[in-house]
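Taken from Swiss-Prot as is:
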type	residues	note
CROSSLNK	LYS465	SUMO3 cross-link
MOD_RES	SER524	phosphoserine
MOD_RES	SER579	phosphoserine
MOD_RES	SER1077	phosphoserine
TOPO_DOM	1-79	topological domain 'Cytoplasmic'
TOPO_DOM	402-631	topological domain 'Cytoplasmic'
TOPO_DOM	855-1145	topological domain 'Cytoplasmic'
TRANSMEM	80-100	transmembrane segment
TRANSMEM	105-125	transmembrane segment
TRANSMEM	139-159	transmembrane segment
TRANSMEM	173-193	transmembrane segment
TRANSMEM	226-246	transmembrane segment
TRANSMEM	381-401	transmembrane segment
TRANSMEM	632-652	transmembrane segment
TRANSMEM	663-683	transmembrane segment
TRANSMEM	707-727	transmembrane segment
TRANSMEM	753-773	transmembrane segment
TRANSMEM	774-794	transmembrane segment
TRANSMEM	834-854	transmembrane segment
Amino acid sequence: MPRNQGFSDPEYSAEYSAEYSVSLPSDPDRGVGRTHEISVRNSGSCLCLPRFMRLTFVPESLENLYQTYFKRQRHETLLVLVVFAALFDCYVVVMCAVVFSSDKLAPLMVAGFGLVLDIILFVLCKKGLLPDRVSRKVVPYLLWLLISAQIFSYLGLNFSRAHAASDTVGWQAFFVFSFFITLPLSLSPIVIISVVSCVVHTLVLGVTVAQQQQDELEGMQLLREILANVFLYLCAIIVGIMSYYMADRKHRKAFLEARQSLEVKMNLEEQSQQQENLMLSILPKHVADEMLKDMKKDESQKDQQQFNTMYMYRHENVSILFADIVGFTQLSSACSAQELVKLLNELFARFDKLAAKYHQLRIKILGDCYYCICGLPDYREDHAVCSILMGLAMVEAISYVREKTKTGVDMRVGVHTGTVLGGVLGQKRWQYDVWSTDVTVANKMEAGGIPGRVHISQSTMDCLKGEFDVEPGDGGSRCDYLDEKGIETYLIIASKPEVKKTAQNGLNGSAVPNGAPASSKPSSPALIETKEPNGSAHASGSTSEEAEEQEAQADNPSFPNPRRRLRLQDLADRVVDASEDEHELNQLLNEALLERESAQVVKKRNTFLLTMRFMDPEMETRYSVEKEKQSGAAFSCSCVVLFCTAMVEILIDPWLMTNYVTFVVGEVLLLILTICSMAAIFPRSFPKKLVAFSSWIDRTRWARNTWAMLAIFILVMANVVDMLSCLQYYMGPYNMTAGMELDGGCMENPKYYNYVAVLSLIATIMLVQVSHMVKLTLMLLVTGAVTALNLYAWCPVFDEYDHKRFQEKDSPMVALEKMQVLATPGLNGTDSRLPLVPSKYSMTVMMFVMMLSFYYFSRHVEKLARTLFLWKIEVHDQKERVYEMRRWNEALVTNMLPEHVARHFLGSKKRDEELYSQSYDEIGVMFASLPNFADFYTEESINNGGIECLRFLNEIISDFDSLLDNPKFRVITKIKTIGSTYMAASGVTPDVNTNGFTSSSKEEKSDKERWQHLADLADFALAMKDTLTNINNQSFNNFMLRIGMNKGGVLAGVIGARKPHYDIWGNTVNVASRMESTGVMGNIQVVEETQVILREYGFRFVRRGPIFVKGKGELLTFFLKGRDRPAAFPNGSSVTLPHQVVDNP
């Protein structure tokens, strides 16, 4: 049983392992733990071949796909073989027409009929008029039979009077080799039909010629000639097999590159799509598109901007919904922090589904508050109706939490209609938000509402057109802001029947009585997948409603709808369906290969007609560099050709010593060239200097061409020297008269020296490292040298050969007539009385026809090589474009979520109820607000409806963000901005135990090392104050920061897997928020525990005293005033503040 050999097998040579080492990509960052590898098994049906030449892909399905691809690629070369056959028919027609007589009519008609068949077959195959099965299964064998019939017809009809063992042997060897390079069949059938053709041809010639022999001496000569024929055929078969192997190896490499490129492209597209979906779940598409456009600008364009880019847009006539959980404090007391976050995650995931169904754009989640907007970014006439239906559904959904927790929690919902300014502020941790007076009103509508009811304003009421029953809301009695503004409010009672009809038309019938969607009622208690403190996930169940989600995606165009595609992650995970996935991937690969094969990529790229070189010099240079380098197999073919050439010449003329000398010298020289060419392929087996020299030849075009020319020159010179030596040996002592007897040697059958020249043409074709123009030059060298010898130096030899052949084979009267003809100048072939064209001309024409055929094939191979190169370039460019888009999307995503969190959500599709969370024991939290910005903000026309005020706030927040680029603040993470409040935390890193400093556990560190990040956070707060001072000095404003800080443990995580919102929760966060809200402008307020730690780092404090904090009672607080010792920054420098004005001395 054959051994299954992978890429790392030491017996598998470096050449092949390098070319087939295609380990398909895995992405460790995305949690893909499996790599897709394709192994190559050294097995096959043609067991007579060496083991390393029997290549088969594993699995079998991939091998079958490759065989289809390979035969499809070879199908076009089938047309090349048809052209070869047509050229042979043209040759026969010319040879018969030149010396036309009655006995030439039969071969002439057969050749003409064959030529017509070749043309018809060419048209049918070229136009694709034949069924695919016939074209691939029948036509190759039909063409083989047609060519064989033409050769035997020419042999039997044209040489009927004087058969010789060398008749049509050159053409037979030519077509045998052509079968290997053109037929779209597996290697085994080609070997079989080639052997059958050669055996039949040899038997026919042997039997026919043997019947004409007159003595035993002629029988020995016939045996040597038959053996010479065998060596010619053997050479054609061996070199043909090597050619097939080299083509197979090249196509396997191209096939694997195509498969790898497809998987990489699919991988990149999938990741890019995931990033885009994640991005669009956080940001509206119009904002994300604008951000991507700006990110692609070069730095010079960005430097010309006077202000930081702000993505802010005005949206009028939208409905704003605020919803708050009533009784959240009671709920917090009944649950641990992690249980509370789980519960919120599940509840808000339900809200996100409802938001998708009712065309809402969720804006933010602020603790237990959820707010969204309808009519943004795309305007809807029924925005108010949708928002109210959303509110009713949320009230219904909270009943599940009430039943599960046995608490009195409820939802208080407020809706207001008006104008908002929507966008993002700052340069880091982007979150979409809205600002306007109407947003404030909507917030107050929620605050002044009643639990379990939907509270709406007069402006929302005006948009309902009486579609809901309402009652007075009396919101002013519960909210001073509403009372001061004189806003009339209402409470929704129930929907009228018309609303159901509207819901059915606009929401696809998703509403039920009381306005609550049926899907909001839980079918079973939901169990949540969460991450433990070590970051590992565990799943305890799911109630993800996939059908509802798909319906919501179909109903809401703004909801991210991922494209249907084959997911590589699923390929890695779904073990049960592995074979089905492999089939699907192979099908996609086949479609991709068909698509690129049908594209005329070479025609699209400007190339010169004659040379086929690219008109673009840079493209031509790239092609030259990437062109297939020297192949050991190609130079090995030259060695095989020279060996068979020597055997043929020795068999024909065993007494000529020059044959032996040229063989030994030529083989030594060719072995030197072969070893030098293989040193770069097997660097471990050769000295370093030789490897370096071989590599230099590979890299240099002119050196490669020179090396190839040397090989062909050696073959040509060996043949030329042997021909001239033979001529001198046999022609010198004798006087050339018609009646002279010759003693064998080249004089008996000089055609064989032309046949070995055909082998030199075959060796030229095998030089894959040179262009078709170089091959044409070398083939002209071979053909020109043989032509010169045939027509000049060897002219007497061929004349004597024809003279003796016709004299011996015919009757005395016919022989006398032919001798008279041969003795006249009519030997040039123009005299119609000659039975055959003189051998010196027929052999010369044969060489030119074969050279022309091989040149046509070389152009085809060159075109194929350039096509493969362009495919590779296009795939590379396509991957670069996808990668570039992925890079920008990734930059956006990681600017909205921490990198380790984004990586988690890009790994695979998450359920809405799935929770990502991590616990941290020792972190710092900071809130920094601009209390007097509210006085600065106005929506007057002079401020462009408030946009210019927000532009100034954007500059402030952007400058705060730019501080985070300093390496000193690498452990500080911006959490979010809430209006004009900036929230950040320190030590929130993926590693729970180390907080990102070292790999050692916290038990191994001192308190000062463990809390260094808290000191950095305090430095960051001081830097923010300095930054704001610089801004005030330049803008003549007097903004002041009110900052609160605290330290302790938190739970960090993401609520909503499909629309992720990253935040931190816990008592530490609550206290930090209270430190800010109860603080004093211009100061940083901390509690006593935080003050004790920060004192160790040289920070100065002033005692404020006990203050009352809601939910905590009285707390002793301190104001941080500065630092005695300056912070140690890299290179001893201090923080470079944005907008800092440096006075020059």
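Going from the start of the chain as shown, residues are counted 1 onward.
Cβ coordinates are placed from backbone N, Cα and C, and glycine is handled just like the others.
Within the same chain, no residue at least 6 positions away from LYS465 (SUMO3 cross-link) has a Cβ under 8 Å from its Cβ.
Here the listed stretches are 105-125, 173-193, 632-652, 707-727, 834-854, and the one with the most C-beta pairs under 8 angstroms to the transmembrane segment (774-794) is 707-727. Taking the Cβ of SER1077 (phosphoserine) as reference, residues of its chain lying under 8 Å away and at least six apart in sequence are, in sequence order, PHE927, GLY1044.
Computed over the topological domain 'Cytoplasmic' (855-1145), the whole-number mean pLDDT of the model equals 81. It is 632-652 that, among the stretches 80-100, 139-159, 632-652, 753-773, 834-854, forms the most Cβ pairs under 8 Å with the transmembrane segment (226-246). Long-range contacts of the transmembrane segment (139-159) within the same chain, counting only residues at least 6 positions beyond its ends with a Cβ under 8 Å from a Cβ of the stretch, are 78, 81-82, 84-85, 88-89, 92, 95-96, 104, 106-107, 110-111, 114, 117-118, 121, 125, 130, 167-168, 171-172, 175, 179, 183-185, 193, 197, 200-201, 204-205, 836.
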